[in-house]
Amino acid sequence: MTELTPLETIENPAFYYEALVLAGGRGSRMEGRDKGWIMWQGHPLIEHVLDRLKNQTVPPHRITISANRNLDAYQQTGHVVLSDDRAGYLGPLAGIESALVRCRQPLLLVLPCDTPAIPFDLAELLHSAMAAQPSAQGAYATTADGPHPLCCLLKPSVGPLLSKFLDAEQGRIVDWLNTAGAIPVSFNDAEAFANFNDATMLQEKDQ
């Protein structure tokens, strides 16, 4: 693992974006444990994801961690920590909403903290797909296993649509992405998007 230090300003990248790591859930399928600090291959899951982000082919200008507990621990990573503006653990979309409002760059890359093997070219490929379709307001990963809506790249301008979606308590994350004008982008390696939804899956992946 590379040392986790705050990112410095990146000069003249292919494109500018911020990254958001979602670590603000209840961990209900992990017996209430904070997923970001669950160990895998000798390191907490949050460290794996941060390492992948820092080594993207086009690195983010800034990384923010969405967290609603263990805030001091997350701050020790050297990155901005942001809690949901909405109370009550309303899920990942609440974390995305809070980050979109504060995003200072043209794009926000979103990742869950329990997907430690994302491709190193994820941001670049999502951006390329958006560039090929100028009307796209975002892009999200899909594989043969289905959509991975929490691995997405978004324009901050979709924030008001997300707020309305949350206010109305409407359905699935992928439904909001499609409504907001995000496009699916196909990736061949489904294993790269494997996430740890419960303790059994974590043990299987760690073998």
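Glycine is no exception: its Cβ is also placed from the backbone N, Cα and C atoms.
Model, not experiment: these values are computed from the prediction.
Feature annotation from TrEMBL assigns GTP binding site to LEU22, ALA23, GLY24, LYS35, ASP84, ASP114. When secondary structure is read from DSSP and collapsed to three states, ASP84 (GTP binding site) falls in the coil class.
Residues or ranges marked as Mg(2+) binding site in TrEMBL: ASP114. Under the three-state DSSP scheme, ASP114 (GTP binding site) falls in the coil class.
If you look up TrEMBL, you'll see 19-171 marked as domain 'MobA-like NTP transferase'.
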LEU22 (GTP binding site) in three-state DSSP notation: strand
